[in-house]
Protein chains: 2
Amino acid sequence: MSEPSRILHPGLRQKIMSADAAAALIEHGDHVGMSGFTGAGYPKAVPQALAKHIEQANQGGNKFRIGVWTGASTAPELDGALAKVGGIEMRLPYQSDPTCRARINAGEMDYIDIHLSHVAQFVWFGFLGKLNVAVVEVAGILEDGRLIPSSSIGNNKTWLDQADKVILEVNSAMPLGLEGMHDVYYGTERPPHRKPIPMTHPGDRIGEPYLHVDLSKVVAIVETHSLDRDTKFAAADENSQRIAGHILDFLAHEVKVGRLPPELLPLQSGVGNIANAVLAGLNQGPFENLTGYTEVLQDGMLEMLKSGKMVMASATALSLSRAGTKEFLDNLDFYRQRIVLRPQEISNHPELVRRLGVLSMNAMIEADIYGNVNSTHIMGTRIMNGIGGSGDFARNAYISFFVTPSTAKDGAISCIVPMVSHVDHTEHDVQILVTEQGLADLRGLAPRQRAQVVIEHCAHPDFRPALRDYVARAERSARGGHGGLHTPHLLDEALSWHSRFEREGRMLP
Amino acid sequence: MSEPSRILHPGLRQKIMSADAAAALIEHGDHVGMSGFTGAGYPKAVPQALAKHIEQANQGGNKFRIGVWTGASTAPELDGALAKVGGIEMRLPYQSDPTCRARINAGEMDYIDIHLSHVAQFVWFGFLGKLNVAVVEVAGILEDGRLIPSSSIGNNKTWLDQADKVILEVNSAMPLGLEGMHDVYYGTERPPHRKPIPMTHPGDRIGEPYLHVDLSKVVAIVETHSLDRDTKFAAADENSQRIAGHILDFLAHEVKVGRLPPELLPLQSGVGNIANAVLAGLNQGPFENLTGYTEVLQDGMLEMLKSGKMVMASATALSLSRAGTKEFLDNLDFYRQRIVLRPQEISNHPELVRRLGVLSMNAMIEADIYGNVNSTHIMGTRIMNGIGGSGDFARNAYISFFVTPSTAKDGAISCIVPMVSHVDHTEHDVQILVTEQGLADLRGLAPRQRAQVVIEHCAHPDFRPALRDYVARAERSARGGHGGLHTPHLLDEALSWHSRFEREGRMLP
């Protein structure tokens, strides 16, 4: 027996069509705002149908390329499919797809890497041009046309508001029990009409559970039945566990000396294994009544909600493994009381991150001895993913942590370098660096003091002598009149580790 | 006939003593929070007396060094006097004194450069250690012990709250008519107890006109009669006028296409001649009913208030020339209705900068072709002043502008370089770059597109061929398999312009 229709609005039922027919409404040169945030809630059918149209156009000698705007990263069915056929002229604000990445680094596709809290307002302000089409996945449509959001909200409110044409994918694989979990704040305005955002706790509901759309703009409804991509959730490796251990020790110490309350402060946790290891550690740790104020809710946080260690979590997306998804679906009523999903301009809002006093933990590619962090570029030139929300959180956090294993590529790369090859987070925004080797607390330290603790606490022992030697020679050079001793550097050598890696496949001779 | 006493509280009158006796209450190793923001409202007598004590101790072979925390830069009587005798162990969060700068770059003094909005909360959180003594200039003391602030507020609320001992300088040269101009917000809290800051317009008064202090902590009152240092206000040179012209054209265009309202949005303007030139241009320009939400109110903004072009300005300090001071004093009642002075955690608060939609204009040392900005370091190693509030404003602004002449040192230095030698503002936080050559609008551009407009609009023609050549060769190198085409760079050459300048005194051969 088939499920009753999820499209309760009679007028919109008239707009049901195939993905192929819907994709045909998208034209060359369009800016298309798609749903999707870290592999959650992206449209499953229209982008693939569009990729076919693009491929056919290309085979017919016609150019067909679009701008793809999303919440954050999506999945092979969206970024992968469109990038494969060369259909993306410009991509923003974040991606993590291998085909996209290869195209961007080959110069075949433009990519604008934007703080995730900036995207919606840049569109409202008109800074990114006109949004032509929105393609947004929802879990259902109410009789009055209001939309039940899917597993992420991201920029969907903005895409629906700003686009000329709206294509909705109604995904019947999304649990209807999601209804009521979302909190869409419609109180945002453009300056000078902005008001304080009335939130003082991560669990506050300040909006409504539905998305609105001007029904006259809806040009197509496509029915789908497809789960989000599976977000792999691996058991923590030894390095991740050691990093988590250093962070837990630090947090315990901060509570002990009165710089953090016993229930800590709302946790923001980046995506990936180290983040999950930290959360797993907290789940075994001494802290109770924790809260989360983050972008993406992963298995690690779900388990903390389940255990009761965490009482409430706010995010803009649910990015779960298959096992996590099953746990979530089996206990939807439990989780609906403990999870709030919000638009990303709210989940990442500087006003709220600062007010709530978020403890921000993000992965990085490399840090330098003075505490500058590179989150995005391999050897200074190749984009990996993007800055995502790390800048929204790090600058406004109560304490901002950046974490990485101390080495990469079997020890050929040191993740602590004399000078980072690209800066995403300046020394001013980085309080704590952590590797499996240890934790560097940079609060209240001047640059040369920072270099000392970064090298001795975070660098891998194989690289410490070379880093100490660099610092010593840079200071000697400054004392000899070449450069200053505030932030000593040897300009001819500062990027030589990266350059050697490009030439020889290792950072040190 | 002498003015009646400004110290109306009878108990505090008992604490009046000489600057010398007050300075004797400060000990080696103390952290001392001093008033002062951009040469306004700094203590005039105690720091100089303290410098003498330090000198005597040094002559007697005793170490005597303190930590000096302020609002921002001060004056020769404070930073200069203490640095001259080697009395500063560590300085934060901003300085611009030549003796300080020399000591820092010689490795004789530690300096922690902090976003100005972070300082107060870092002290509340306990991240910078214990504050032992506050030395704060005020304009007067009421009968009940409340304090009439001086020409700046800066971090004074925090110093008075947090210090164990408080020394007040009551400066009878400060006009009593300042009373009522300040707005000290006492609603700040540490997380998790923070509430929205109830401000929606630059002119809103949300606090009270006086500073509070626990009277039992006041150990000394020193009477002074001394004006703030004279902030030189030069007529705009040709480059500044051209930069101002580009910005005015841009603003007019944004209004025309509907991306800015006709009265613009609140202006934040950095310190210096270019900033004043922009304000002078606006004062002659077509925009009416402007507002200011800035750190430092200089002559340029005073003139706009006088002309009526600007209706209200908020700041944390008044930094005026002698002529500006006279104008201000002669018309205090007029200006008191149009100027609000606030603590710097409010004047620079990310929540408010984002809500109000500030147009942020800050000077820089150099920018690179991809839009990264260096605000602080000469050739990557020597500190100039500090990041100040530029990070608070740039990341949260409606539009963030960075400005500089295209060259320095008679053309030996290009202020547009392949890669900045130090990053304070990343490509993500820089929307508009301006030199006398032109304006680069980086909104919605990917890195290689940015390089194009930065070189062609902002670089000096003498340096454009070398910059174009760098980009072309970096792209070729990436196409040849060395590096990526997202942000092409030649790692061995990226900092070579700076390196050559250090060796040969010019960036190009």
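Here the Cβ of each residue, glycine as well, is placed from N, Cα and C on the backbone.
Keep in mind that TrEMBL annotations are predicted by a computer and have not been checked by a curator.
Remember, it's a predicted structure, so these values are computed and weren't measured experimentally.
Residues or ranges marked as domain 'Acetyl-CoA hydrolase/transferase N-terminal' by TrEMBL: B:13-223.
The local packing around B:E295 (active site, 5-glutamyl coenzyme A thioester intermediate), expressed as other Cβ atoms within 10 Å of its Cβ over all shown chains, amounts to 30. Among the features that TrEMBL reports, active site, 5-glutamyl coenzyme A thioester intermediate is placed at B:E295.
Sequence annotations record features per position, and here TrEMBL assigns domain 'Acetyl-CoA hydrolase/transferase C-terminal' to B:324-470.
The CoA binding site feature in TrEMBL is assigned to B:I365, B:N385, B:G389, B:K409. Residue environment of B:I365 (CoA binding site) contains 22 other Cβ atoms, counted within 10 Å of its Cβ in all protein chains.
Rounded to a whole value, the Cα-Cα separation of B:E295 (active site, 5-glutamyl coenzyme A thioester intermediate) and B:I365 (CoA binding site) is 20 Å.
Following the DSSP three-state reduction, the secondary structure of B:G389 (CoA binding site) is coil. Following the DSSP three-state reduction, the secondary structure of B:K409 (CoA binding site) is helix. The 10 Å shell around the Cβ of B:K409 (CoA binding site) contains 10 further Cβ atoms across the protein chains shown. Averaged across the domain 'Acetyl-CoA hydrolase/transferase N-terminal' (B:13-223), pLDDT for the predicted model comes to 98. Fewest other C-beta atoms within 10 Å: among the binding-site residues B:N385, B:G389, that description fits B:N385.
Secondary structure by DSSP for the domain 'Acetyl-CoA hydrolase/transferase C-terminal' (B:324-470): 53 helix, 38 strand, 56 coil.
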